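Only one structure is covered here, and it is reproduced in the block below.
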């Protein structure tokens, strides 16, 4: 396939995955933290009364520098420049999938089939990550860049692989760490390509130097951290409350067994295609999968037993996404190879496993859909099987009922945000005392550019910053069980406006069908 046609396919598949399935979203989860931090870094007067932005945790990434630079150059909003990066990195990741599939001897139909199935994504239970993230977070950019690096390595383009993986490191070092660990072992292992592998480490050295300069430039921002500190009992309590996914002892046993099962399926698929896999791709897929499995006992040892405060920040168990990815890629590749060898029954079995991941959580109707997609793919043959995989982007949400994210952005919330932005002081502080763990306050914060006194999502930084965690917890306890008589109390602690879902016996400053706003003093 010509380079232009391949690039067009990668971009088209990236756009399909972005706009259709698994999709994209904004201000649903972690962008509720990153977006206000970016706004405050761009203009320190914005949200200066919000504890969320007073202690940013973006020193060890170029995510913020890249976003601010692109925003300044394009004059677009942060949502637009981050979405553009998300599409570009997805396209690069899909290109990596193509290269991986081609290295197994698959022509363009088989490569497109494998790339399309893997682009359906997978949710990783336990550490709560995705192979294709819906939100434009640092990890959403880093993972596709690593897939690109793996594909380039499979084509023995090692220096280019080093550049791609170094870009991933600049976006999100913890995500890139497993790749560089495995790649580093490959580089020092004696072999005829050792010099080429070592040269690929040069971009990593450059990226580390760049990151150290960026960290030094931001040394005065945020909260100073002791990387070798131990968690005290209050920190552990807050993290188990607010970031339980970091603690493997809080995972259901079924979650751990699931990852072991995925590894076993990946190993079986690998055994079927091992004769076609290049050495470098073989080492990377096996090494990253093993690293993912080992992250569970390693996290238990360092965090649950050693109480090392750095572990909740690095979150090593996120490496389990490589186990899921290896399973999805290898089963799809084994199915494609079986099609080439005219073994449709075997192809059906492998494709069934590959289609199951984007259909989780599983139920009988979704299992039936996975089996139907697998059967159609196997019956379609090599030439037409990619069409079935592309149809899965529509069948999974429509027939499988898979909804990857809720619809939180409502006209009423947008109206509230617009009113606050136009009619209140930029230093005003809002409180949503009856929302509990809802996500509306975080959307309001970024859309209105007004401080929120405390919200549940804002507590997501307790595993990064000790002082912020303590302050967040104190505020959270202060503002539970709202009563109208509490308004003077809220005014005394710095709240300007209280936003409620039900009216009280007082004239509101603003109201619509969903929200009622009252001045606290």
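Using N, Cα and C of the backbone, Cβ positions are placed for all residues, glycine too.
Among the residue ranges 136-156, 220-240, 283-303, the one that TrEMBL annotates as transmembrane segment is 283-303. Range 160-185 is the one annotated as transmembrane segment, of 56-81, 160-185, 342-367 (source: TrEMBL).
Range with TrEMBL annotation transmembrane segment, chosen from 319-340, 407-428, is 319-340.
Here the transmembrane segment (160-185) lies next to the transmembrane segment (283-303) in space: the count of CB pairs under 8 Å, restricted to residues six or more apart, reaches at least 3. Here the domain 'DUF6798' (414-472) returns a mean pLDDT of 96 for the predicted model. Outside the signal peptide (1-22), and at least 6 residues removed from its termini, the chain residues within Cβ reach (under 8 Å) are 83, 86-88, 90-92, 94-95, 98, 108, 112, 115-116, 119-121, 130, 132, 134, 358, 390, 393-394, 396-397, 402, 404. Contact between the transmembrane segment (245-271) and the transmembrane segment (319-340) is supported by 3 or more Cβ pairs under 8 Å, counting only residues 6 or more apart in sequence. Beyond its flanks by at least six residues, the transmembrane segment (106-130) meets 1, 6, 9-10, 13-14, 16-17, 21-22, 90, 94, 97-98, 100, 139, 245-246, 248, 251, 255-256, 258-259, 315, 317-318, 320-321, 324-325, 328-329, 332-333, 335-337, 339-340, 351, 354-355, 357-358, 360, 377, 382-383, 385-386, 389-390, 392-393, 396 of its own chain at Cβ-Cβ distances under 8 Å. Within the domain 'DUF6798' (414-472), the DSSP-based counts of helix, strand and coil residues read 31 helix, 5 strand, 23 coil.
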